[in-house]
Amino acid sequence: MSFLEFSHISKAYPGVQALSDVSFSVAKGAIHGLMGENGAGKSTMIRVLSGDQHADTGDIVIDGQVQKYASTRDAFHAGVIVIHQELQLVPELTVAENLRLGRFPANAGVIQARQMFSEVGEKLKSAGIDIDPRRKVKTLSIGERQMVEIAKAIMLDARVIALDEPTSSLSSRESEILFALIERLRAEGKVILYISHRLDEVFRLCDSLTVLRDGKLAAHHPSLENVTREQVVAEMVGREISNVWGWRARTVGDVRLKAEAIAGDKLMQPASFEARAGEILGFFGLIGAGRSELMRLVYGADLRSGGTISVDGQAIRAVDPRQAIRAGIVLCSEDRKHDGIIQGRSLEENINISSRRHNTRFGILNPRKEAEIAETYIKKLKVRTPSRKQDILNLSGGNQQKVILGRWLSEQGVRVLIVDEPTRGIDVGAKSEIYEILYQLAEQGMAIIVVSSELPEVMGICDRILVMCGGRISAHIDRNDFSERAILAAALPDKKTPDAIAS
Amino acid sequence: MTNSFKKILLGDQGLVVIFVLAFALVSVFVPNFLTERNMLGLLQSVVTVGIVACTMMFCLAARDFDLSVGSIVAFAGMVAVMASNATGSIMVGILAALLCGGAVGLINGVVIAKFRINALITTLATMQIVRGLALIASDGRAVGINDPNFYQLALSKLFGIPSPIWVLAILFVVFGFVLNRTVFGKNTLAIGGNPEASRLAGVNVDWTRIWIFTLQGMVCAIAGILLASRITSGQPNAAIGLELSVISACVLGGVSLAGGRAAIAGVIVGVMIMGIAENVMNLLNIPAFYQYIVRGVILLLAVLLDNLRSSALGRR
Ligand SMILES: Nc1ncnc2c1ncn2[C@@H]1O[C@H](COP(=O)(O)OP(=O)(O)OP(=O)(O)O)[C@@H](O)[C@H]1O
Ligand SMILES: [Mg+2]
């Protein structure tokens with residue numbers, strides 16, 4: 001009894017066959033997982049579903065009816081709601097306004113603001129989302145924005161809801177709220193398409209699963225009962241991955257980065273920490289705990305109101321990123337859309353933007369060298385692209401992330417590498433390769449700081465973890481003492497039982 | 001329209017193809033168009049717009065805007081004439097003009113980059129201030145050139161081609177190189193693509209923007225000097241509305257107003273298309289009033305084409 005059916009869908013972009021002849025169907029009241037490597041065609045699939053892109057061939061059938069929509073509006077009227085990988089909210093509007101955009105409660109053209117706020121507030125509360133509807137979206141963290149997007153789907157009466165990597169920027173607590181919401185939608189008989197790179201989530205949540213590979217259907221599991229994770233990974237990447245983390249012991253050297261009493265607007269109290277050569281230091285915390293803020297202060301991306309930073313014992317000024325980079329500190333930020341990719345420019349330019357200063361003469365570029373570097377990192381990070389000249393906007397989300405990592409890996413003379421959510425949106429296979437690169441860099445003596453909201457990730461790859469909570473550093477845990485309980489206890493502001501989340 | 005034809009039109013070189021087609025058509029059907037005299041006249045007529053477009057391209061590519069160019073051209077022309085009249089040295093006049101143009105640009109740049117005032121507002125203000133200065137300096141009248149050698153700047157020829165055309169050609173080459181092959185050019189494009197990401201990637205955003213405006217001022221001064229020489233006087237009312245022609249030419253040439261996209265070949269074609277349209281209308285004796293309409297329509301069509309091209313590429 002399939003409710004939603006994809007039938008022989010193909011879609012090509014210039015130079016890329018994003019989907020070729022993909023067919024599968026999903027039953028009513030089911031959560032259906034969609035997995036695959038970066039660039040496998042998952043987002044393209046739901047872009048076709050949402051009417052945002054037209055399939056070259058093939059049909060979408062909902063409830064027995066072949067859908068022929070010309071725009072996202074038609075899809076919307078057919079009951080399809082898609083939450084895209086890159087969020088689409090209006091930053092200058094409030095949460096409530098965003099949720100009611102296009103359907104404001106109005107009286108003779110005047111918006112009934114009080115009514116709108118109270119209605120939206122109630123709906124949010126009943127959905128378990130704790131966000132003030134009067135706040136402007138631009139003041140929300142990425143995680144909170146994600147929750148608002150999801151609330152949008154809940155408030156419109158959708159039949160089919162597709163979520164593209166919804167948890168990639170959520171912390172475990174927020175993910176739990178999301179899962180509860182999704183399960184409730186399933187109970188109401190909706191069809192849910194769920195894209196994620198996280199096997200744990202997919203196995204926990206989904207009833208059925210489709211795996212895409214290079215734009216083709218690699219596997220379809222109508223039920224997950226006798227399916228193992230290893231099997232799915234193998235279907236995705238075409239080989240077995242025994243241990244994603246692959247952590248190994250390293251010798252740790254002298255202090256490379258020493259940050260003392262770093263103060264800024266968003267930190268509750270000044271923070272101090274140090275990172276040693278050869279060490280991988282993790283920063284864990286809930287969203288809004290102040291980890292990214294602290295890193296941005298160290299990097300000079302935001303204005304520090306106090307504190308000193310030294311690299312290899314030498315005090316540095318680092319009041320803007322340029323100086324930090326020259327002193328050997330680089331930061332790969334968490335928000336790749338806003339702070340990472342240079343829209344409209346090629347992969348090659350995106351990779352070389354910082355490191356090119358080592359290859360220029362009197363400000364004149366060395367195109368051959370830049371091409372070489374671009375090719376090196378495209379290969380090393382397995383970026384899926386028809387050419388290095390491709391506009392970065394045309395890459396899949398995970399591949400964009402790889403390009404931004406490539407930008408910093410290609411920088412020379414880095415002593416402290418700070419990566420904020422480095423594997424956001426990156427598939428399992430590529431993840432383990434990126435970890436391997438981090439280990440190698442650490443072995444060469446770099447100090448590496450990994451900020452992550454994924455507890456298994458920080459526990460899997462770090463030598464030491466600093467936990468932040470409510471704008472201050474709340475715990476310091478060595479690898480020997482790693483335990484989910486201890487880390488979560490330090491991360492939670494209200495010191496309630498961490499079991500609810502750890503489970 | 002057949003598919004392959006559509007592909008060519010919407011491809012990266014679409015505008016060049018249209019230009020070549022239009023040029024061929026016009027050469028065949030408009031009498032006296034493809035003569036040496038008309039060609040040189042055509043090129044002469046686009047010198048001012050073309051020179052200023054070189055740096056306007058940078059400005060737009062970095063998501064900025066400069067409305068003050070027309071005023072700077074007039075002001076710099078005045079300065080060149082007055083300074084050389086006063087000192088008796090053309091060289092001093094030229095240097096003074098370059099300095100003044102650069103100074104206005106520097107002020108634009110500093111206000112925009114450091115004080116974070118919107119470029120549109122800032123240059124709208126300097127556009128009026130500078131025009132006012134030109135009027136005050138000359139008491140609102142044209143200032144004649146004393147030294148006849150000054151005329152030679154525009155009249156002299158090399159290999160039969162007037163020097164202003166050579167200057168234009170050199171600037172096209174230089175700025176084309178700067179845009180594609182230097183850190184400055186790439187940083188400009190990156191800033192236009194995403195200013196915050198550029199800053200976090202270590203690009204000196206403020207410095208780059210200030211330089212763009214300063215260069216723009218100096219290049220306007222070059223255009224102003226050549227213009228003064230051609231019209232044999234410093235005219236405080238010269239080049240009114242120039243900013244619109246220049247921006248039109250850039251947009252026609254595929255420079256994105258949203259920043260991050262620009263190419264010198266496009267700008268050259270944009271400048272030439274505008275020039276040819278005007279030239280042909282003059283040859284056909286179409287009254288000046290209609291020329292405004294034609295120019296507007298051409299601009300709209302070009303932007304429409306650009307839009308079609310973007311959606312054909314699947315960009316959103
Ligand atoms: N607008 C576009 N123009 C050109 N190619 C595109 C465009 N959009 C997507 N592609 C290409 O289509 C392929 C599939 O992309 P898609 O976004 O569906 O991948 P994905 O499975 O969602 O990957 P990820 O896990 O990284 O999000 C990729 O190779 C991508 O480069
Ligand atoms: Mg995707």
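Glycine too: its Cβ is placed from the backbone N, Cα and C atoms.
Source: prediction; values computed, not measured.
Per TrEMBL, the features are:
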type: TRANSMEM; residues: B:14-34; note: transmembrane segment
type: TRANSMEM; residues: B:40-60; note: transmembrane segment
type: TRANSMEM; residues: B:67-84; note: transmembrane segment
type: TRANSMEM; residues: B:90-113; note: transmembrane segment
type: TRANSMEM; residues: B:158-179; note: transmembrane segment
type: TRANSMEM; residues: B:210-232; note: transmembrane segment
type: TRANSMEM; residues: B:244-277; note: transmembrane segment
type: TRANSMEM; residues: B:289-308; note: transmembrane segment
Under 8 Å between C-beta atoms and at least six residues away from its ends: which parts of the chain pack against the transmembrane segment (B:244-277)?
15-16, 19, 22-23, 26, 42-43, 45-46, 49-50, 52-54, 56-58, 60-63, 65, 69, 172, 175-176, 179-180, 189-194, 291, 294-295, 298-299, 302-303, 306
Are there residues at least 6 beyond the ends of the transmembrane segment (B:67-84) whose Cβ is under 8 Å from a Cβ of it, and what are they?
48, 52, 56, 90, 92-94, 96-98, 100-101, 104-105, 108, 120, 123-124, 126-131, 133-134, 137-138, 143-147, 150, 216-217, 220-221, 223-225, 227-228, 233-243, 246
Okay, the transmembrane segment (B:158-179) and the transmembrane segment (B:210-232): do they have at least three CB pairs under 8 Å, pairs separated by 6 or more?
yes
Near the transmembrane segment (B:289-308), which residues from the same chain, at least 6 beyond its ends, have a CB less than 8 A from one of its CBs?
9-10, 14-15, 18, 248, 251-252, 254, 256, 270, 273-274, 277-278, 281
